Ligand code: NDP
C-alpha cells in the first residue's frame, strides 16, 4: 500500500505554525491582511472565498472581503484593485476567478501590484518564478511542494511528469520543480502516448479534472502520485483524477482526494499572505 500523503494533517501543522508567526507579527504592529475581491455570485467561488476567509480568521490574518455585483464594469474593478494597491495595510490581493464574461482576467490580474499578488498569477510573478528569484507562487503548486517536503520526498534529480498545463497548477509547478532541481516534463491533451510518459515518472502529478483518468497501468512501481483533480461524481462525492484504489497497490506514495492537495492550497495562501506581511515589516 502506498504511503498516504495527508494534506489535512500537514496543513493543520502549517496553519498552527503560521498562527504563532501572526501573533509575533501583531506584537510588532503588523496584522497580515488579505483582500479578496469576489465579482458576481458563482456558487463554487463563494464557497472557495468563504473557506479562505474562515482559515484566515482562524490564524489571525485579517481578511477584507469586497463583493461586487455580477454586472461590475472593468473600470470599477480596476479602480478597486488600484485602491487596494495603494492601501499600506493590505499585504495580499486576490481576485477570485473566474470573472464574469465582460471582464478581462488578464488585464485585471496584471493590474495587481506584483508585490501584493498573493496568487502569483501576474506575469511579473511568473517571470520571477522562471528566473528563480524570490516570489509568491500559485497556492496549489506551493502546497504540493510543501506536502512533498513534509514527507521528505526529495525532488532533486527526479523525473517529474505533470499532466495539465494550466496557469494555476501545471505551469507554475513545473517552474518550482525545475528550481528544486527536478527533471520536468509537462503533458497535456495533445501529448502522444501519455501512458508511456507517465510510467517513466518518479513523481507523477495529475491536474486535469478527469475522474479516475490514471490507473495502475499508467504508474511506475514505487512512484509518488499527486492527485490534484477534483470532480464531483453522480453520487455527489468528490473524485480525483487518479483511480486511487488501483494505484494504491503500485505507487510508493499517494495523495487522497479529498484531504490531499486541497487543504494544502488554502494553507499555502495563508503562508504567502504572512510572508508578504513579513516583507512589509522587514522590507
Ligand atoms: P484546466 O481546465 O485549466 O486545465 C486542465 C489541463 O488538463 C489542460 O492543460 C488540459 O490540456 C489537460 N487535460 C485535459 N484533459 C486531458 C486529457 N484527457 N489528457 C491529458 N491532458 C488533459 O484545469 P485546472 O488546472 O484549473 O484544474 C485541473 C483540476 O485540478 C480540476 O479538477 C480542478 O478542480 C483541480 N484543482 C484542484 C485544486 C486543489 O486545490 N486541489 C486547485 C486547482 C485546481 P490542454 O491544455 O491541452 O487543454
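Counting starts with 1 at the first residue shown.
Keep in mind that glycine also has a Cβ here, set from the backbone N, Cα and C atoms.
In TrEMBL, annotation is done automatically, which means it is predicted and not curated.
TrEMBL has this to say about the protein:
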type	residues	note
BINDING	164, 165, 166, 230	NADP(+) binding site
DOMAIN	5-119	domain 'Tetrahydrofolate dehydrogenase/cyclohydrolase catalytic'
DOMAIN	139-280	domain 'Tetrahydrofolate dehydrogenase/cyclohydrolase NAD(P)-binding'
*Residue with minimal Cβ packing [other Cβ atoms within 10 Å] among the binding-site residues 164, 166*: 166
*For the domain 'Tetrahydrofolate dehydrogenase/cyclohydrolase catalytic' (5-119), what is the mean per-residue pLDDT, to the nearest integer?*
97
*What number of additional C-beta atoms lies within 10 angstroms of the C-beta atom of residue 230 (NADP(+) binding site)?*
17
*DSSP-assigned states of the domain 'Tetrahydrofolate dehydrogenase/cyclohydrolase catalytic' (5-119) in counts, ordered helix, strand, coil*: 61 helix, 19 strand, 35 coil
_Measuring Cα to Cα across 164, 165, 166, 230, which the record gives as the NADP(+) binders, how far apart are the two most distant ones in Å?_
16
_Counting by DSSP secondary structure, give me helix, strand and coil numbers for the domain 'Tetrahydrofolate dehydrogenase/cyclohydrolase NAD(P)-binding' (139-280)._
55 helix, 26 strand, 61 coil
*Would you count the other CB atoms within 10 A of the CB of residue 165 (NADP(+) binding site), including those on all shown protein chains?*
18
